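K.L.:
Sharing a structure, written as structure tokens. Questions coming.
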Amino acid sequence: MDTATTSCSSIDLAALLSSSSNSTSSLAAAAFLCSQISNISNKLSDTTYAVDNTYLLFSAYLAFAMQLGFAMLCAGSVRAKNTMNIMLTNVLDAAAGAISYYLFGFAFAFGTPSNGFIGRHHSFFALSSYPENSGSDFSFFLYQWAFAIAAAGITSGSIAERTQFVAYLIYSTFLTGFVYPTVSHWFWSTDGWASASRSDNNLLFGSGAIDFAGSGVVHMVGGIAGLWGALVEGPRIGRFDRSGRSVALRGHSASLVVLGTFLLWFGWYGFNPGSFLTILKGYDKSRPYYGQWSAVGRTAVTTTLSGCTSALTTLFSRRLLAGHWNVIDVCNGLLGGFAAITSGCAVVEPWAAIVCGFVASWVLIGFNLLAKKYKYDDPLEAAQLHGGCGGWGLVFTGLFATKRYVNEVYIGDRPYGLLMGGGGKLLAAQIVQIIVIVGWVTVTMGPLFYGLHKMNLLRISAEDEMAGMDMTRHGGFAYAYNDEDDVSTKPWGHLAGKVEPTSRSSTPTPTLTV
């Protein structure tokens, strides 16, 4: 019987089963039924794969939409004279990052089989033989690329308003093509030496480091890279006066900052919940309708609670410290809470996410105070926010990860959070992750920035910095307008005044307003 081309019908089954004593007929019936069950199973498997693949693609689109949020946040946080420059660098992060990640980065991160340090399988370079026999699809590449360019975008904020364009090209390509992929291999690949997903169960401290969506892999890598870039370059002109006091160089648009923050918030729902990679997977059979889809929803909730708690904590804390309600501080606090929860979002209870956000706010405030004290200039607070809060997020996971969620997400009986009764092995793995990320990024990105500095390829001239890079490097300002109140455009400078009428008569009486 040609079962491949036979369709299942009640008439066929009735004819086959009518003579149950006939062994030939019974065998034919069994073969027929088995073939149909196999076909149904194959169709279900295809459907599951299609749904999971679509879910990952949608998550990749959300994660990539964060680039729009980064662009708006960065633009609003710099002065108007550097808007075109910072916008161009954000486009460059995505474009240059795509090529470098395609050629090298993806293979270094996930090329398998490989060693514990770096991926190396030839079929992953330039996707030459991918995805054949890889266990994943092109959607996985797209999703991981969105993560890689997020790390590069973080770094660009730290060195904004004073960096040469060629330096952006060089560091962005190097970061997304080598530095970041190596770290992601360590902690996310099934071959990584510290990965919680190692296929051979030879786990660091019997646990592996749990960095579910990248508090360390993405945020700390981008933040520490930005830290070294800003340290090598030094502060912007005018950021600190001659006596060493901090001078605020405010961004030109709080509206752009807020809109960018909301877009990042929206994209984080692809960043964190999407890191499950699949959604059609059951967990506890004794609980109806409980599976990975439930964990995805819980992860979105923990992400939300941490960010919102951090925003509110920052609002009232800065009100006490500075004496006013500052929307920029609140936006940064919100993002700090998101960066912190990204590590443990899938393995902690919602109430623990509130603890995470509360502490993340004070971590950000504390690092900002240290930055002022040591005259460190980061226009977007990227190193403090992503580096500092990302590091706290790794420690938080080692303290609050629950046994049930850890065993669901990372199959097997694993160590879990210290404060949840799981011992200190997971926390030890998290601390190792912090140390090796700081060390790796320091020995790779630090010399790169220093070399660019020595070759005069890093910082622009003082004249260009004062005039603004939009005019000196990009052919004109981002905004075409004629502001009559802008005294800097008048030949007599700051003494210029505006003649206003003092009465309703047609002949105004000149008055000088300074």
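Backbone N, Cα and C define each Cβ position, glycine as well.
TrEMBL does not curate its annotations; it predicts them automatically.
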K.L.:
Labelled transmembrane segment by TrEMBL, one stretch among 311-334, 383-406. Can you tell me which?
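P.N.:
Transmembrane segment, as annotated by TrEMBL, spans 383-406.
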K.L.:
I'd like to know if the transmembrane segment (208-232) touches the transmembrane segment (383-406) in this structure, counting it as a touch only when three or more C-beta pairs sit under 8 Å and are separated by 6 or more positions.
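P.N.:
Yes, the stretches contact each other.
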K.L.:
Which listed range (87-110, 140-159, 253-271) shows the maximal number of Cβ pairs under 8 Å with respect to the transmembrane segment (208-232)?
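P.N.:
Going through each listed stretch, the top one turns out to be 140-159.
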K.L.:
Under 8 Å, at least three CB pairs between the transmembrane segment (253-271) and the transmembrane segment (54-75) (pairs 6 or more apart)?
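P.N.:
Judged by the Cβ rule, the two regions touch, with the required three close pairs present.
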K.L.:
Do any residues of this chain, six or more beyond the ends of the transmembrane segment (140-159), have a C-beta under 8 angstroms from a C-beta of it, and if so which?
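P.N.:
Non-local partners: 56-57, 59-60, 63-64, 66-67, 70, 73-74, 77, 86, 89-90, 93-94, 97-98, 101-102, 105-106, 109-110, 127, 130-131, 167-168, 171-172, 175-176, 180-181, 184, 214, 217-219, 221-223, 225-227, 229-230, 233, 271, 274, 277, 378-380, 382-383, 386.
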K.L.:
Which bits of the chain, at least 6 residues beyond where the transmembrane segment (87-110) starts or stops, bring a Cβ under 8 A of a Cβ in it?
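P.N.:
Residues 64, 67, 70-71, 74-75, 118-122, 124-127, 130, 136, 140-141, 144-145, 148-149, 152-153, 156, 160, 165, 168-169, 172-178, 180-182, 184-185, 188-189, 474, 478 contact the transmembrane segment (87-110) from elsewhere in the chain.
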